[in-house]
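> I'd like to ask some things about the structure below.
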Amino acid sequence: MKKIAWLLLAGLCLPAVAVAGQLAAITDAMLPEQTPELAARAELGKKLFFDRRLSGDGTMNCGTCHDPEQGYSDGMEISLNYPTTKNWRNSPTVINVVFHQQFFHDGRAATLEEQALFPMMSAFEMNQNLDFLEEEIRSVPEYVAEFKSVFGDGDVTLERIAIAIADFERTLISRDAPLDRFLDGDETALSPDARQGYQLFIGKAACVTCHYGPNLMDNRFHALYVPENPDHLEDPRITATRRFVAKLHNFEAYRTLDEDLGRYLITKDRADWKAFKTPTLREIAATAPYMHNGIFATLDEVLDFFAAGGGAGTTALKPLALSPAEKSQLKAFLEEGLAGEITPLTYPKIP
Ligand code: HEC
Ligand code: HEC
């Protein structure tokens, strides 16, 4: 892969805008400058994002698991999968991915361009042969014409496919939520309950230690010891996926692996054992179920987990003495405060 081109492109991504421990409203200055070139690449990327040619059997596009109607996630505990296989992780939203510095629950992709090719070639996701895909897109005259107008020549390459999709994703923003207006000084933007919830979030409950900045995330990994779902351990197809992924990452004991080791699989650093990336909390009400394995169906369950100090064995969290009223205030903040204006979408016509 032409890593250099991707690195150059990654340079277009924005510098870190988050100050540790502080929430921030999203401003224009934090987002990519809206040039006609970017708009043209994003328009092409939108077609590719919703094109079922990207999957081996033509049943799936990126929007299947990152569905605009479901907060650009898929509403499943464990995400959808290629027929006859099972996925093993929850589909995260792709809203505001422009703020991420690593991608996937375990951070194994460094740029959106690099990320985009993973699901296409994943045996349990789109299961497409990338060389074949290049030929498929290349043989559609409308695409060749559009690649020509966007990139200067009609050469269809995987790198360009990835670049266009990544730039489309960079346009998917949720902003102007009540939290943004509140941080800009409008006290009434949050209801009294949500305002109390905000105080807890930045104070007693210390959520802001990890969920901070404009996208309420620290771009880091933490081992909260979210429980494994026993049902998933009994499903041979999920077992196959888990062990296959561990094998790809050269984890020696992959044949007996019965848990998700998260970031450890990538770094082999003991500090990353079962650590997962802090997710954004924007549009959180729309993206249940929660956590890398979708183990929690509701925000109440998530809040009970944090109130109890996380899962057995974690040192990342401490029990919080939250009263039922405080939990419901935190929930009000998450539900009302973080639901913003999402970039409007018109579905593309696929050539
Ligand atoms: C079959 C379901 C499925 C399909 C199809 C799919 N994804 Fe995903 N996507 C997932 C899952 C599950 C994850 C999390 C996987 C992990 O962390 O190991 C993910 C993660 C991501 C992330 C990382 C987000 C983050 O918070 O780090 C991005 C970006 C993304 N997908 C974009 C795409 C694009 C672009 C396509 C099409 C080329 C696509 N996805 C196709 C299920 C899917
Ligand atoms: C030590 C860092 C840390 C702290 C403190 C923390 N979180 Fe998280 N949060 C995470 C990580 C990491 C995950 C993802 C865990 C996983 O996928 O297994 C997460 C996941 C979540 C999710 C689920 C998001 C999704 O899309 O699945 C919610 C909601 C959430 N946190 C809210 C909170 C609230 C509310 C607080 C305060 C009570 C809090 N967090 C405190 C790191 C933290």
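From the backbone N, Cα and C atoms, a Cβ is placed for every residue, glycine too.
Under the heading heme c 1 binding site, TrEMBL lists C62, C65, H66. Per TrEMBL, heme c 2 binding site is recorded for C207, C210, H211. Per TrEMBL, domain 'Cytochrome c' is recorded for 40-148, 192-338. Per TrEMBL, signal peptide is recorded for 1-20.
Context for these features, please: burial, neighbours, distances.
DSSP assigns H66 (heme c 1 binding site) to coil in the three-state reduction, placing it in neither a helix nor a strand.
According to its DSSP assignment, H211 (heme c 2 binding site) is coil.
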> Taking a cut-off of under 6 Å between Cβ and any atom of ligand 2, tell me which of the binding-site residues C62, C65, H66, C207, C210 pass.
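From C62, C65, H66, C207, C210, counting a Cβ under 6 Å from ligand 2 as near, the near ones are C207, C210.
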> So which of C62, C65, C207, C210, H211, listed as binding-site residues, have a Cβ under 6 Å from an atom of ligand 1?
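What lies within reach of ligand 1, judged by Cβ under 6 Å, is C62, C65.
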> Rank aside, I only need the closest one: which of the binding-site residues C207, C210, H211 has its C-alpha nearest to that of H66 (heme c 1 binding site)?
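With Cα distances computed to H66 (heme c 1 binding site), the winner among C207, C210, H211 is H211.
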> For C65 (heme c 1 binding site), list the number of other Cβ atoms lying within 10 Å of its Cβ atom.
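Summing over all protein chains shown, C65 (heme c 1 binding site) has 24 other Cβ atoms within 10 Å.
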> Show, in sequence order, which residues other than C207, C210, H211 on the same chain lie with their Cβ within 8 Å of the centre of the Cβ atoms of the heme c 2 site.
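Here the non-site neighbours turn out to be F201, A206, V208, T209, Y212, L216, M217, D218, T278, L281.
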> In whole Å, how far does the CA atom of C65 (heme c 1 binding site) lie from that of C210 (heme c 2 binding site)?
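That separation, Cα to Cα, works out to 26 Å.
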